[in-house]
Amino acid sequence: MVPAAAGRGKLSLPARWNWDQESPGIAWQDDKHSYQEQLRGSDAENTLREPVPQYQVLCVLPRAAAALPAPGIRVPEELHLHHRETVGNTLLIVFISYFGSRVHRPRFIGAGALLVSLAGFLMSLPHFITGPYEFDQSVASTFSNTTDLCQPRSWANLSDANCTPRASRENHEVLLVMFIAQALLGIGGVPIQPFGISYIDDFASKRNSPLYLGILFSVTVIGPGVAFMLGSAMLQFYVDIDKVSGAEVQLTHEDPRWVGAWWLGFLVAASLVALSAVPYFFFPREMPKEVVSGKQSDSKKKEDMLSQLRARPEHTQNLSLGEFIKRFPLVLLRNLRHPVYLLVVLAQVNISAMVAGLATFMGKFLERQFSLTASFANMIIGAVNIPGAMVGIVVGGAILKRFQMSLRQCSAMCVLGMLLCLLVAFPLLFLGCPTQKVAGITYSDSSEFGHHELECNLQCNCPEKAYNPICGSNSIEYTSPCSAGCRAVNIQEDTNIVLNYTNCSCISRNGSFATPGTCGTGCSHLFLPFVVLSCLAGILASTSHTPSFMLILRSIQPEDKSFAVGIQFMLLRVLAWMPGPILYGSAIDTTCILWEKRCDRKAACRYYDNTLFRQRYLGLQFFFEVGAFLCFMAVYVILRKQEREASKATETKADPEKEKLAGKSTKTPESKV
C-alpha cells in the first residue's frame, strides 16, 4: 500500500529476495555466484501491486496484509502478477451483488479473510525456499581484497551471470507461488468490500448510517498505517535473521545493500487476519434493526422503517442467474446514465488515482527529496499521513450525522473539502530539495557531464556497475571510492566497518578523504513543513469520502444499491487502481538521470533529477485533485438545479405532471443522509 509497503514493496523473484534499503529489489545466488538481479528496477516496471480499495469491513488487518512490503518485480512478470489479483477481483466484484442477496454475508467475509491470510503466508514463502542472501562484494563496505578502491588494471568486467536460462527457470518457479498468492488475495478481498458496507447500511438507521460508514472507512485506513509502521520495524532486522547470527552480519542499515526482513511482516499480518476472521462466523445473517430515537416524529420513524425495508435484500431473492445476466446491462446503463452517480464515481476515481500514487511512491519520494532512510520514510507515512486521513473521514461522517445534510449539502461539503485541499497542496510543488552534486553526473569542474570516468580517475579503470556512493570532503558525491580515485581505506578493527576512504585523487580540498554513504540533499529544514502541509491536505480531502459515498447510496434506487456498489468498485479498479501506479511509475522514470543496467536493460535508477521528480509526481496528484473538484462541482450544480425545480413545483402546484413524477421519485435533493 506499497506499500507501497511498508510502503513500497516490489516483487521480483529469482531464487533470492532482497528488500533494499533505498528501494526494493531482489538478489539471486547459487553456490558460486552472489549478485543482485534487477536491483531496484524502474518504477514503471516495479510498480507495486495495487493497494486494496478503501472499503473493507475487516478494518485493520486485511489492509495491513495487503499493504505490507512485497519485494519488486520486472515487466512482464510484474504486470502479470499485478493483474492476476486485480482482474480476478474486478470480475468477481461485478457479480457479487447477485450472490450478496443469497448468502450469509458475515460468513463470506470471514471466509474471504481466511483466504487473505493464506495469501499472506504464501507471500512469505520465497524466503524459506531459497538460500541466504549474499551481498555484492564489488561494493563492499568492509575491507577485503575486492573492496572497490582505485586499483589500476585490477578490475574485471562484471558479468550478468544471472541472465542465464537457469536463473530464469528459478525465477519462474518462485513466481508461480506469488501468482497463487495474488489470486487468493484477489478472491479473498471480494466479499470483504461490498458485503460489509451493505450489511451496515441495510440495518442501521438512516440517521446513524453516515457515522457508522465514516467510522468503517476511517478504520480501514489504519490497515496501511499499520503496514507502514510494521514494515518500518521489520526493515530494521536483517533479512536472514533466522539463518545467520547477528555477529555474521557485516552490513549496517545505512549501507545501500542492506536487506530488511520483509517476510516477517507478512507472517505477522497473516496471523492476525486469521484470528480476526473467526468472529465473523458467529454474526447473524441479518442484524437487528436499529431502534430509532424517540425524539423523532412518527412520520420520520415510518420513513426510516420504510427505507430499511426497501433496502433489505429479500426483493432480489427470487432473481435467477439467467435473469440477473439479462438484467445486468440494463441496470448498468441506468446507473451510468444517472448524472449524480456517474460524476461522484468519476470524482472517486480521481481521488483513488491520487491515493494510488501516494501509497506506492510517497516513501520513495521522501527518501529522494529529503535524504531519508526507507524505514524512517515509511514510519512518517504510517504515523502522520495515514492517521490524518483517518481523522478526516471520521470528521466527515460526524458532520453528516450532526447536521443531517441534504444531498446538495453533501456535494457542497465535497466541493469545499477538495477546494481547501487544493489550496493547501499547491505549495508542496515548491517544497523540496535540489539534486545532490554527483561527480560526472550532475556536477563537474569541466563542462563534461554524464560520464563516470573523470580525468582524475582514468587510470583506475573503474567498473561502471560498481555502486557504493561516498561523500567527499569537498561535499561532492561519487558513485564509488574508485570513481573518486581513492587508494586507501580506514576501517574499525573490532567491527571491520569502513570509517573513511583516503588518498583520493579527485578530491583536492579538505584532506582528500571521503566517508561512506551519500552526501544527501542538504535541505532537511523543509521536511517538517512538507509533512505538515501534506497531512493537512490529506485531512481536508478525506472529509469528502463519506459524503461522496452517501451521495451514491442515497441518489440511486434502493433496488439498485448492491449493483451500483459493485459497479463503483469495478470502475475504481479499472480506472484508478490498475493504471494509477503504472502512470506514476512511468512519470517518475522520466526524471532519472543515471540508470543501472542489468542484462542490457534498465534495472535501477541511481539518481533522479529531484526538481523534475517533485514537479511530475506532485503535479500528477494535483491534476487528480483538480479532476475530483470539478466533478464534485458539477454534482453540486446539478443538485442545486434539481432542488430549485422541486421547490418551484411545490410552491406553484401548477403542474400535476411534475408532481406525479416527483411522487414517483424515492430520492430528492432534499433527502437527508
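Even glycines carry a Cβ here, placed using N, Cα and C.
Summarising the annotation, TrEMBL assigns transmembrane segment to 108-129 (among others).
Annotation comment: TrEMBL describes 174-199 (among others) as transmembrane segment.
The transmembrane segment annotation in TrEMBL covers 211-239 (among others).
TrEMBL lists 259-283 (among others) with the feature transmembrane segment.
Annotated transmembrane segment per TrEMBL: 340-363 (among others), in sequence order.
The transmembrane segment feature in TrEMBL is assigned to 375-400 (among others).
Only residues 6 or more beyond the boundaries of the transmembrane segment (412-432), in the same chain, are considered here, and those with a CB under 8 A from a CB of the stretch are 347, 369, 392, 396, 399-400, 405, 523, 526, 529-530, 533-534, 536-537, 540-544, 547-548, 551, 610-611, 614-615, 618-619, 621-622, 625-626, 628-629, 632-633, 635-636. According to TrEMBL, the feature transmembrane segment maps to 412-432 (among others).
The domain 'Kazal-like' annotation in TrEMBL covers 450-505.
Same-chain neighbours of the transmembrane segment (526-543): 351, 354, 366, 369-370, 372, 380, 384-385, 388-393, 395-396, 399, 413, 417-418, 420-421, 424-425, 427-428, 431-433, 625, 628, counting only residues six or more beyond its ends whose CB sits under 8 Å from a CB of the stretch. Residues or ranges marked as transmembrane segment in TrEMBL: 526-543 (among others).
TrEMBL lists 563-584 (among others) with the feature transmembrane segment.
Here the transmembrane segment (617-639) has long-range neighbours at 339-340, 343-344, 346-348, 350-351, 353-354, 357-358, 361, 365, 407-408, 411-412, 414-415, 418-419, 421-422, 425-426, 428-429, 541, 544, 548, 551, 583-584, 587-588, 669, meaning same-chain residues at least 6 beyond its ends whose C-beta is under 8 angstroms from one of its own. TrEMBL lists 617-639 (among others) with the feature transmembrane segment.
Look at TrEMBL and you will find 645-673 tagged as region 'Disordered'.
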How does the domain 'Kazal-like' (450-505) divide up by DSSP, counting helix, then strand, then coil residues?
6 helix, 18 strand, 32 coil
Of the listed stretches (108-129, 259-283, 375-400), which one yields the highest count of Cβ-Cβ distances below 8 Å with the transmembrane segment (211-239)?
375-400
